[in-house]
Amino acid sequence: MDVKGDTRSEAIHHEINIADDNVGHEVEPKAPILSEFSVQEQRKILRRIDLRILPIVGAVYCISLIDRTNLGAANIAGMAKDLELTTGMRYSTVTLVFFPTYIVFELPATVLIRWIGPRLFLSSITMTWAAVMIGFGFTNNWKVLGGLRAVLGILEAGFFPGCLYFLSTWYTRYEMHKRYAVWYFCGSVIGALGGILAYGLMQMDGICGLAGWRWIFIMEGVITAAISIAAALVLVGFPDSKKLYRGFLNAKERDFVVAKINADRGDAEEKEPFNMGSFLRHGLDIKVWGFALLFCMLLVVSYSFAYFLPIILQKGMGFSTAAAQCLVTPPYVAAGIMMYTEGWLGDKYKTRAPILLFNCVVTLIGLPVMAFSPSMAGKYVGAFLTVMGANSNIPCTMAYQANNIRGHWKRCFCSATFVGVGGIGGIIGSLVFRSQDAPRYLPGIYACIVSQVLVLAIVLLLSVKFRRDNKNQAAGTLIIERDDQFRYTI
C-alpha cells in the first residue's frame, strides 16, 4: 500500500468529500466546480453513473462470457458425439481458435471505441456476435464450428478492453476496484448460471428436430441479441463528450465528473490527437507488459476452469451430467462475494498488491487439494478455493493496472495489451486439461500452479519498482507518468 498516497488523489478524496464510501475532510478544492455540489449531491451523481453504466455493461459481459464458454456445457450435452470432437485434440482446437483472432484485433478495436464511442461500438459488436452464436446451433461439422469460433474472437476482441477502458474514464482511481468487481461479478456469478441455463435448454432436445446442445447456442444467441438492443438504448458516451443523455447527467454534473477525475489523475479529457507512433511508444513502458503478463497468468486458471470445470466435475469427480452443470455455479457465487468485499477494502485502503498475493495463495491451496484429495467432497472444496482465488484476482488486477497509468491513449493501449496478452493465457488454459489426462488431470493442475507462482513473482517485482519510484518522485529525482503529483498504487 502506498502510505504517502497521491497528493492529487488525497485532494479529491479528502479535500472535497468525494461521493463514495470514503468521505473525508473539507479543504480548498482543486477546481471551483468541485465545491458547488454537496456531499449528498456528489453521492447521487456517482450512484446515477453506477446505475446507468454498470448493469448494462455487466449484462453484456455476462452474456459474452456465456457465449464464449458454453462449449463445455454443449460438449457434455451431445455436441462431442454429433461433431466427433472426442477424436484427438479436436475439442481443444475448437476452444483454442477463438484466441488468435481475439488477440490480433485487440489494439485496433480499442482505438475504435474511442473514435466512434462506446454506445454504438459495444451494441453493434454484441448484435453481430449474437448472429454468429445462433449459427453455432446449425453447424454440422467441427471445422465449421472452429471457423465460427474464430469469427467470434474478432467480434469479442474489442469488448473486454473496451469496457475496461470505458469504465476507467468514469471513475477516480479509488472508486475503480469496487466497480470492476461488480462488473466482473455480473459475468462470473450470473455467467456461472449459464450451466443451469444450459441444462434447461438441453431439455428442448428434439424440438424442431434439433438436438439439445443446438438449442443452447440458438437460445443464448437470441438472448445476446436482446441485450445488444438494450445496450444501444442505455449506454452513454465518455465523460468528456459534449453529448447529453436523457435521464442521465446534466451539463454541470458532467463537468463536475470531469473536474473530479482531473483532480484525481489529470486525464479526464483527450488532449492529444491520435498518433500511431506515440500510441505504440507506450509499449516501451515495462510495467505495461508486467500488467499484461500478470493478467495472462491469471487467465490460465480462470479460463481453464470456465471451459473444463463441467467436464472435470463429470469425468474427474464422477458427478452426473445434471449435477455437473449445476455444481459449476456455487464456486462462482462465492467468488463474486469475495471479489466485491476485496474491492471495498482495496478502495478504502488504497491498496492492490496485498489482495493479489492473498488470492494467489488461496488458489495455490485449492489446486493441490482438488488434485490429491481422496474424497469427492474434498476435490470440490479444492475447486471452490481455486475458482474463488483466481476469479477474485481479475477485478483487482484491472484496478491495479488502471490505477498506475495516465492518459487516454495510454489507457487504450494498456487495456488492449492487457487483454490481448491475457488471451494467450486463454490459449494455454484451453489446452492444459486434456481428455487423455482424465480423471485426475494432473498436467493441467501443475500448469495452473506454475502460473500462480509466476503471479506471485510479478506482483512482488512490480511492488518493489513502484515503491522505489514513489520514493524517487518524493525526493524530486523522478517524474512518474509525466505528472509530479502522481504516485503509484501498491
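Positions of Cβ are set from backbone N, Cα and C atoms, glycine also.
Per TrEMBL, the feature domain 'Major facilitator superfamily (MFS) profile' maps to 53-469. Each residue in the domain 'Major facilitator superfamily (MFS) profile' (53-469) has a pLDDT score, and their mean in this model is 90.
Among the features that TrEMBL reports, transmembrane segment is placed at 53-71 (among others).
Look at TrEMBL and you will find 91-113 (among others) tagged as transmembrane segment. Listed by sequence, the residues of this chain that lie at least six past the ends of the transmembrane segment (91-113) yet keep a Cβ under 8 A from its Cβ atoms are 68, 71, 75, 80, 85, 121-122, 142, 145-147, 149-154, 156-158, 161-162, 165-166, 274, 279, 307, 412-413, 415-417, 419-421, 423-424, 426-427, 430-431, 434-435.
Taking Cβ pairs closer than 8 Å, the transmembrane segment (120-138) reaches residues 57, 60, 63-64, 67, 112-113, 145, 148, 151-152, 155-156, 158-159, 162-163, 166, 210, 214-218, 220-222, 224-225, 227-229, 231-232, 235 in its own chain, all 6 or more past its ends. Annotation comment: TrEMBL describes 120-138 (among others) as transmembrane segment.
If you look up TrEMBL, you'll see 150-168 (among others) marked as transmembrane segment. Away from its own ends, the transmembrane segment (150-168) comes close to residues 53, 57, 60-61, 64, 67-68, 97-106, 109-110, 112-114, 118, 121-122, 125-126, 128-129, 132-133, 176, 179-180, 183, 238, 398, 402, 411-412, 415-416, 418-420 of its chain (Cβ-Cβ under 8 Å, at least six residues beyond either end).
As annotated by TrEMBL, transmembrane segment applies to 180-201 (among others).
Summarising the annotation, TrEMBL assigns transmembrane segment to 213-238 (among others).
Feature annotation from TrEMBL assigns transmembrane segment to 288-313 (among others). Same-chain residues lying 6+ beyond the ends of the transmembrane segment (288-313) with a Cβ under 8 Å from its Cβ atoms: 65, 68-69, 71-73, 75-76, 95, 195, 282, 319, 323-325, 327-328, 331, 356, 363, 380, 383, 386-387, 390-391, 393-394, 397, 400-401, 404-405, 413-414, 417-426, 428-430, 432-433, 441, 444, 447-448, 451-452, 454-455, 458-459, 461-462.
Residues or ranges marked as transmembrane segment in TrEMBL: 319-341 (among others).
Summarising the annotation, TrEMBL assigns transmembrane segment to 353-374 (among others).
Residues or ranges marked as transmembrane segment in TrEMBL: 380-400 (among others). Sequence-distant contacts of the transmembrane segment (380-400) (same chain, six or more residues past either end, CB-CB distance under 8 Å): 164, 173, 176-177, 180-181, 183-185, 188, 291, 294-295, 298-299, 301-302, 305, 309, 312-313, 317, 327, 330-332, 334-335, 338-339, 342-343, 346-347, 352-353, 355-356, 359-371, 373, 418, 448, 452, 455, 489.
Residues or ranges marked as transmembrane segment in TrEMBL: 412-432 (among others). Note on the transmembrane segment (412-432): residues 92, 95-96, 98-100, 102-103, 106-107, 109-111, 113-114, 160-162, 164-165, 168, 279-280, 282-283, 288-289, 291-293, 295-307, 398, 401, 405, 443-444, 447-448, 451 of its chain, located 6 or more positions outside it, place their CB under 8 angstroms from a CB of the stretch.
Annotation comment: TrEMBL describes 444-464 (among others) as transmembrane segment.
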